[in-house]
Amino acid sequence: MKALFILLFAQLCSASLVPEREKDPEYWRRQAQETLRNALRLQRLNQNVAKNLILFLGDGMGVSTVTAARILKGQLQHGQGEESLLEMDKFPFVALAKTYNTNAQVPDSAGTATAYLCGVKANEGTLGVSASVTRDRCNTTKGQEVTSILHWAKEAGKAVGIVTTTRVTHATPSAAYAHSANRDWYSDGEMPPDALEGGCKDIARQLVENIPEIEVILGGGRKYMYPKNVSDVEYPHEEKHRGTRLDGRNLVQAWQESKPHGKVAEYVWHRRGLLALNLSRVDFLLGESLHPRVPWHQLGALDPSLSEMVSVAIRMLQKNPRGFFLLVEGGRIDHGHHEGKAKQALHEAVELDRAIGLATRLTSTQDTLSVVTADHSHVFTFGGYTPRGNPIFGLAPMQSDVDRKPFTSILYGNGPGYKIVAGERENVSAVDFAHADYQAQSAVPLRQETHGGEDVAVFARGPMAHLLHGVHEQNYIPHAMAYAACIGSNRGHCNAATRPVTPLLLPFFSLLLLLLC
């Protein structure tokens, strides 16, 4: 009865869902003309050198996730949703990136991270190495290491930072500093004997040793930094949170001791400690909570939000007069989708967008190139001819014409939401499909939902943002960003004699030439 009432109500109200202003054709014409004027302004390209670079990575944030997150954001603000704008929607340049790995049509997060951070496509499951490396084969890695844009920025004298809602040793952040034949080698406790004997290093150790002067590292996964069976500071009685290292090292202590004499290196593990820091007196910051981080609806006093971490990171990095590179990952979008929990995934996407807006307010488009993209998509979709303003987590306004049961607008191609009750598809009207932990129905039963293989969006704003346009291989992204910042190997255009003249200065130079003549 509940489902039938919802369907009837949707049909009765559909005619009244159109805002009055949208019934006037002039509304749409004026909107289009304003968009046209904004587009024409983009002909005055921003060719400044990018002092700062920020790469926002929504793990698993495919185009369908972006659209659904936009609707959710608008509905959280008491609007219908479709007309809402995400912060990333306001970026003037948009491209598509092809996400395949060298050996996989549908990619994983490690091979893609190597592409958009190191500028080289790689095999699935491998980090910071070329496609010559075979997953799990330690003996194939020597000489095949590739460096990242974070490394290029550090070599250029910039400050660098990593902020993530996952482990700091997870696939996305670790490609910025590590080289590994297996993304799961978080500590030596997860490595096979032959890899240890072959001289390969675990990822947590590489975090401390490979680029020791990363100014900001904020995320989760502290248990991989401590000796095996060492109790966790927050959950001392829970065995699953104990340290995992076999070498007996305390990598937090090693991280602090590796810093130059006279420099202040602060370690924090909860929100209160993070927000209480006097950043003017801190040179290096390592903040680690547990992983997995609690979902958006369970954040407590000990858990900083992504926006809070980004705020701290930017203010830390801005102290360097040469600028900075910052990697920001909204990593639990991916986790929500894998569990079939669309509500968690979309709220995480909205939080990432909130962090993007905050970063926009703390920086300037004149000297900061910001790029927003995803590593891959998911088999997540929403449809069913829903009316305008339909709750994004609500039912479609129809029943299946096959099994005569209602269905939610959001569905997955595969995953844990596949449920058969008494030989038939579960009737969603009998469950709380609005619950944060509800697993949306899927077509194929899997314990974990899979990635999707379609292209992902790339949004760009700031100096040289126009270099990101059309359809690109994913590994192009760091090359374009490095070009904009005059870092890495492609710096010939940065010489005074060859540097392009900023269009804003063209009238000045034209007048100067006239006077000289």
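For all residues, glycine too, the Cβ spot is worked out from N, Cα and C.
For reference, TrEMBL has these:
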type     : residues                                      : note
ACT_SITE : Ser109                                        : active site, phosphoserine intermediate
BINDING  : Asp59, His170, Thr172, Glu329                 : Mg(2+) binding site
BINDING  : Asp59, Asp334, His338, Asp375, His376, His451 : Zn(2+) binding site
SIGNAL   : 1-15                                          : signal peptide
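With respect to His451 (Zn(2+) binding site), the closest of these recorded positions in Cα terms is Ser109, chosen from Ser109, Thr172, Glu329. Residues Leu57, Ser109, Ala113, Thr164, Thr165, Thr166, Ala171, Pro173, Gly330, Gly331, Asp334, Asp375 surround the recorded Mg(2+) site, their Cβ atoms falling within 8 Å of the Cβ centroid of Asp59, His170, Thr172, Glu329, which are themselves excluded. For Asp375 (Zn(2+) binding site), the number of other Cβ atoms no farther than 10 Å from its own Cβ, over all displayed protein chains, is 31.
Asp334 (Zn(2+) binding site) has Asp59 nearby among the binding-site residues Asp59, His170, Thr172, counting only those with a Cα within 10 angstroms of its own Cα. Of all the binding-site residues given, namely His338, Asp375, His376, none has its Cα within 10 Å of the Cα of His170 (Mg(2+) binding site).
Between the CA atoms of Asp375 (Zn(2+) binding site) and Asp59 (Mg(2+) binding site) there is a gap of 6 Å, rounded to the nearest whole number. Cβ environment of His376 (Zn(2+) binding site): Gly60, Gly62, Thr99, Val106, Pro107, Asp108, Ser109, Thr112, His451, Gly452, Gly453, Val456 lie under 8 Å away, each six or more residues apart in the same chain.
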